[in-house]
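Q: According to Swiss-Prot, the record shows the following:
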| type | residues | note |
| --- | --- | --- |
| TRANSMEM | 23-43 | transmembrane segment |
| DOMAIN | 125-492 | domain 'Protein kinase' |
| BINDING | Leu131, Ala132, Ser133, Ala134, Ser135, Val136, Ala137, Gln138, Val139, Lys153 | ATP binding site |
| ACT_SITE | Asp288 | active site, proton acceptor |
| TRANSMEM | 494-514 | transmembrane segment |
| TRANSMEM | 517-537 | transmembrane segment |
Amino acid sequence: MKLLAVRRLFRIQRVVIRYRLDDLLFALPLPWWMLALRFVLPWRWLPRRKSELSRGVRFRLALQDLGPIFIKFGQLLSTRRDLLPEDIADELMLLQDRVPPFDQQLAIKLIEEQLGARICDVFSRFDEKPLASASVAQVHAACLKTGEEVVVKVVRPGLKPIIGQDLAWLFILARMAERVSADARLLHPVQVVMDYEKTIYDELDLLREAANASQLRRNFEGSDLLYVPQVYWDWCRPKVLVMERIYGLQVTDMAGLADQRTDMKLLAERGVEIFFTQIFRDSFFHADMHPGNIFVSTVNPWAPKYIAIDCGIVGSLTPEDQDYLARNLFAFFKRDYRRVAQLHIDSGWVPAETKLNEFEAAIRTVCEPIFEKPLKDISFGQVLMRLFQTARRFNMEVQPQLVLLQKTLLNIEGLGRQLYPELDLWSTAQPYLERWMRERVSPKTLLGNLQSQVEQLPHIAGMTRDLLERMSRPHASDPPRPWHDRKDEPVLRLIGAALLVGGAIQGWVMSEAATQLLTLTAWPAAIMLIAGLYLIVRR
């Protein structure tokens, strides 16, 4: 292991020298003792010609030379456009996770070990030549004994030691950056590496990917928008995934889509609808929707349907995040920057002590120029990125779910405008958002929420009774205090008032909207009313 670490260190050093990454480092505002290293590094003693490559290109090529783990780290960095200079972020978007396949016989051996059966006992046909190969796994086409056409994904052998060493060096570099640079500390490099560590280890577990794919397939069962291939659970293991083989055109195959006369406007709009459906209806979204993972069905090109694969990375939002995100977008497009600032504070995305006026002014300064463009030219992803950049100056905490959301939105938006350059994302999304906001406050939704809470009321009633008993019997070791001397009296009266109002509202809703449930649910409302009255009038 130590030998591997030393070899990796020398490899990193060679790449740094080759692409002159030390020039990028010493261009930063570093402490004097770090800048003094320029004069003691042997390779800097020799005259060197000025590189013709930009810093972004050099950084990208260096990551490619360092191998798959650094490539995937660069891909993760490319999603953090709120942290990186624009030229570097643009170059990192070009990173391709393509590596030569590993030995076919070794792949067969690994599959047989995982399945506990011979290939010929499970598959009537197995193509030894892989369909695709990436840094974490490779994919083979096959046919099950029962006749279904499938693909078999198998994790590369021996990855964990390599990943462990590369992550160790990434953590060392991140900690050094945090110690020597105040600017670097604002970017939270250690947190970025920690996020990457979780992502890369999650991708090694194919059962997790299978579960994600099954969930996404269930969410869009019978949908005209998106198809997700079936997972064959009987043949899925931690390092082997067997799922339905799909046939379609890659979403970037513009010539093929044109040849089958695909309705490109509808295809682009459906991509936006899929995104907002995942975010606001399901709160479960495919977070790796780059063009390599998206296909278009060849059936019914006048009503095109997407096909999604590779569900290794997914994201989700809490109901609170959903609500704040929707209201942020509405407030932004109304140019209500004070509302945007207030929502960031209310949501906890920025500290509560943030000065509202200063935050509002910063958001206005960054975002107002965006509205000089027509709506169809405004980028949702850029809007989120600008908001995050501004909020970071006010100590916004890193929100992993929002980072995944921003990455997914940038992918969907870029793809939609590639398919149909005139796509007006706001006009496409606005009706969906408005409908979602209406549904959140509809009587049906409120009743559903109330009914789910009713199931908890017996437990709450028991807790209320215990609380009242404890308050009426002070602890033996504590001297009794007069009620009027108790500091918690205002709080208890406020709780009592809330119980009174809550009980009254519940009783009214049940009598108006669910008469058939009245006999079942009247007693929890009565308990709330009695408890509230007791807390208010007691002496």
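The backbone N, Cα and C atoms fix where each Cβ goes, and this holds for glycine too.
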Q: State which of the following binding-site residues has the fewest other Cβ atoms within 10 Å around its Cβ: Leu131, Ala137, Val139.
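A: It is Leu131 that, of the binding-site residues Leu131, Ala137, Val139, has the fewest other Cβ atoms within 10 Å.
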Q: In the structure shown, which of the recorded positions Ser133, Ser135, Asp288 has the fewest Cβ neighbours within 10 Å?
A: Ser133
Q: Near the ATP site, what residues other than Leu131, Ala132, Ser133, Ala134, Ser135, Val136, Ala137, Gln138, Val139, Lys153 in the same chain have a C-beta no further than 8 Å from the centroid of the listed C-beta atoms?
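A: For the ATP site, the extra neighbours are Pro101, Pro130, Val154.
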Q: At the level of the C-alpha atoms, what whole-angstrom distance separates Ser135 (ATP binding site) and the residue listed as 'active site, proton acceptor'?
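A: If we compare the Cα positions of Ser135 (ATP binding site) and the residue listed as 'active site, proton acceptor', the gap is 15 Å.
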Q: Restricting to the domain 'Protein kinase' (125-492), report the mean pLDDT as a whole number.
A: 82
Q: Rounded to a whole angstrom, what is the C-alpha distance between Ser133 (ATP binding site) and the residue listed as 'active site, proton acceptor'?
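A: So the alpha carbons of Ser133 (ATP binding site) and the residue listed as 'active site, proton acceptor' sit roughly 17 Å from each other.
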Q: Once the DSSP letters are reduced so that anything not helix or strand counts as coil, what is Asp288 (active site, proton acceptor)?
A: coil
Q: Hey, what's the widest CA-to-CA gap across Leu131, Ala132, Ser133, Ala134, Ser135, Val136, Ala137, Gln138, Val139, Lys153, the ATP contacts in the record, in Å?
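A: Farthest Cα pair among residues binding ATP: 14 Å.
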Q: Given Asp288 (active site, proton acceptor) and Val139 (ATP binding site), what distance in Å do their CA atoms have, once rounded to a whole number?
A: 18
Q: Tell me, by DSSP, whether Ala137 (ATP binding site) is helix, strand or coil?
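A: Looking at the DSSP assignment, Ala137 (ATP binding site) belongs to a strand.
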